[in-house]
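Marked as domain 'Phospholipid/glycerol acyltransferase' by TrEMBL: 86-215. The region 'Disordered' annotation in TrEMBL covers 269-291. Per TrEMBL, transmembrane segment is recorded for 12-31.
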Amino acid sequence: MLSQKADRALAGPVAFGLLVTPVCLGIYAAAKANHLWGTKRGAQERSLVSMRFLLRALIRSCFWLKVEEPEEEDWKELALPQDKGCILMFNHTSMFDGFLMAAIMPSALCRRCKSLMAAYTFKTPVLGEIFRLVGHEPVYFLKDDEGKFSVDKTRQAPVNERIRAHVAGGGVLAFCPEGTVNRKDQTKCLPLRRGSFQLAVDLRLPIYGISALGQHRFWPWKGAPGHPATIRVKLYAVDAWNDMLEAGEGKGATATDVADLAQEAMQASVDALSAQPLPPNDPESPGRKGR
């Protein structure tokens, strides 16, 4: 009996490992090919679309993973601006978050995105090069204290200028403002790093979000990825801030003010997800047979 349970526990991670390797190599090859012609940003956009396509194929191949992703109407209702830049934020509960978000976005949105990632991730073999080829940018953290955004200002300055130019030109900054994976209670968002929202203040950018729960079971903090899970996803807007912008107000707001509004909106969205019952066949469902 114990052996059977152990085999079942290993089946998902082993299968995912067999699937993810060719997908990553495919993303890398497509991105390298995209950079053989056209402009640098054009190559990055094509690479983002290629990555999204292959990540969606990966997720759909994992039949033991159920992703309750937003419908087309949900994206239309969110109404992200098409002709100006904005911020799109995610709650951070797993190393799977970035891959999941890229997969569930519409391709037209995905190609507009740049993401901020801890600088050490760019040193990861294959993945680090993929992150560079799709145009993501590093964050040079000095500390990893929750609620603080302590960075090497000298090294970060040129990155900030590139991000500023990107959103000023109509691009989207997509990132996890918690700054680190939530390893404790995934239903309680970590404090958002205040400095992350200075750009929203300076350029008066609207803020939107994607919240998700369940990816920490698919890819635990200390463990191999690929476990059975149900991931629920919800879209939302930071209406308190966006409404101020629409009304021409909030010109005296600080990054801390905006971070507080974003924190409230993110937590409310996560609360709505955590209140939803899991399907009976989910490994964490109280009603699942065999528990």
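Glycine residues also receive a Cβ, built from the backbone N, Cα and C atoms like all the rest.
In this model, the domain 'Phospholipid/glycerol acyltransferase' (86-215) carries an average pLDDT of 92. The domain 'Phospholipid/glycerol acyltransferase' (86-215): residue composition by secondary structure is 51 helix, 27 strand, 52 coil, according to DSSP.
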